[in-house]
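The active site annotation in TrEMBL covers Tyr177. TrEMBL lists Asp218 with the feature active site, proton donor/acceptor. The site 'Transition state stabilizer' feature in TrEMBL is assigned to Asn220. Here TrEMBL flags Asp324 as site 'Important for catalytic activity'. Per TrEMBL, site 'Interaction with DNA substrate' is recorded for His350. Sequence annotations record features per position, and here TrEMBL assigns domain 'GRF-type' to 476-520.
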Amino acid sequence: MAQCTDIPDKQDNDNVLRLVTFNVNAIGTFFHYDPFSRMNNSLLDVFDYLKADIITFQEMKIDQRSITKWGKINSFYSFISIPRSKKGYSGVGCWIRIPPEDHPLHHKLKVLKAEEGITGALSVKISRDKTVKYRDDPTVGIGGYEMIDENEALHIDSEGRCVMVELACNLVVISVYCPANSGLTDEGELFRLKFLRLLFKRVRNLEALGKRTVLMGDLNVCRDLIDQAAGLEDSSIKLGPTDTGSAIEKQYPLEAKEFIMNPDVPHRRLMNHMLTDSIIPELAKDGILVDSTRYIQGRERLKMYTVWNSLKNYRPNNFGSRVDFILISDHIKKLLVDGNILPDVMGSDHCPIYADLDISSLNSSCGPSGNVNIPKFECRYKYDLLNHNVLAMFSKMSSTHSSENLALSKKVTKPRKVPRSKSIDKFFERSIPDSSVIDKPTIHEEVIQPPKPLTTSKVKRETLSFKDIFGKPPLCKHGEEAILKTSRTAANPGKRFWACHRPQGDSNNKGGSCGFFQWV
């Protein structure tokens, strides 16, 4: 893949609005990848590179200390939600460009309201001594709430998974990171389904109020069989070079329908019930949203994946799933002029996707002289960034996290001195390990390789030791040396085996794994 991808230009029309969504899988590691590594940790440069007017991130994996870096972006409104208790987990952001006053989008992109969560049960501070719940104050909340138990609502919204922003052009942008239940627990599946049902019901309620919704982010749901490489493989469907998605669905109608209606994966049916373009007619008739990427690219296109298992190195052979979406109200689908995935953009196990809308026909509720109060959920207010006192923050953090620092001090013999040249933001930065989000559970395994040697003589000793223990690697069907892996399955935990070193791809992909397997 190219080191730096050329991002498609918007149409030569000042009324075209670009929406971008990207699961960055830890913003701390996101900037380690080209071209972002050359942007000096500047989100403004990232947004300009992607040519985004509205951009949403998922899995930011930050805490309140680092919001000072990501919550004050020149020429953008910033809205960030982080988990209430879990650190380095989840977290979503939404940034809205502030165009110059003479730009056609200036008044249309004014933010009328913004809120955190999907239930309206969370609170926001609107003055020095007053806090209100979004659903209790119509001047603050966007509306369309479902009345559920307050404790349950607070639990649903405790993980920093959703930000909603209402614009003056009558668009409600919903940035979301839906639960995946990667632990495969009953409790996790229940939480996942509750979240999706409440989210989709809220979208329906907003549409019923006459608002036009844009639901964008990582839904952690694969909507169709043609959108999941593993699903096609499990159905013994081999893709040829001339195959199209429509042809596959026509040739395998039962498999395509079963993929959606399978009772073991109810989230797929829930999502399809929201889509006017679902291949299941009884679901499509109740749909209110359009899959912008599929609408522009058509059902003919295959392998339009947005996430790959990075632990198994599936990305080079494009063996993945499509779980990232920009879903727009069916009422404004005719405004779509472009939309696609950006698979050559690195930085995460996901790739960004974008959609361009010509909103010249949308009117703004704010006239040329109309002034709008910035919502109190905007980061500068929510996280007190307007009059930010770095020294006061430093003092506060040292007392708040004294127990954490004490625990760390026991592990080192000498405190690490921070160079004066580093900024306070750098001091607070934490490195967060990479992780992978997969729509479908897979067999867990790890690659076992000899430790990296330090000297030439040590190379010989390490290599001999490795071969003495495991023997010479057998050749796979490609005639290449296999690699050693460890089984993580319940049937054979810890048992070692040889496997083809190439990444998995479609079964007819000669450049992918040959499927070689041999127990040690």
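Glycine residues also receive a Cβ, built from the backbone N, Cα and C atoms like all the rest.
A mean pLDDT of 70 is what the model gives for the domain 'GRF-type' (476-520).
Between the C-alpha atoms of His350 (site 'Interaction with DNA substrate') and Asp324 (site 'Important for catalytic activity'), the distance comes to 8 Å. Cα separation, Asn220 (site 'Transition state stabilizer') to Asp324 (site 'Important for catalytic activity'), rounded: 7 Å. Neighbour count (other Cβ atoms within 10 Å of the Cβ, all protein chains): 26 for Asn220 (site 'Transition state stabilizer'). Take the recorded positions Tyr177, Asp218, Asp324, His350: by the count of other Cβ atoms within 10 Å of each Cβ, the lowest one is Asp324.
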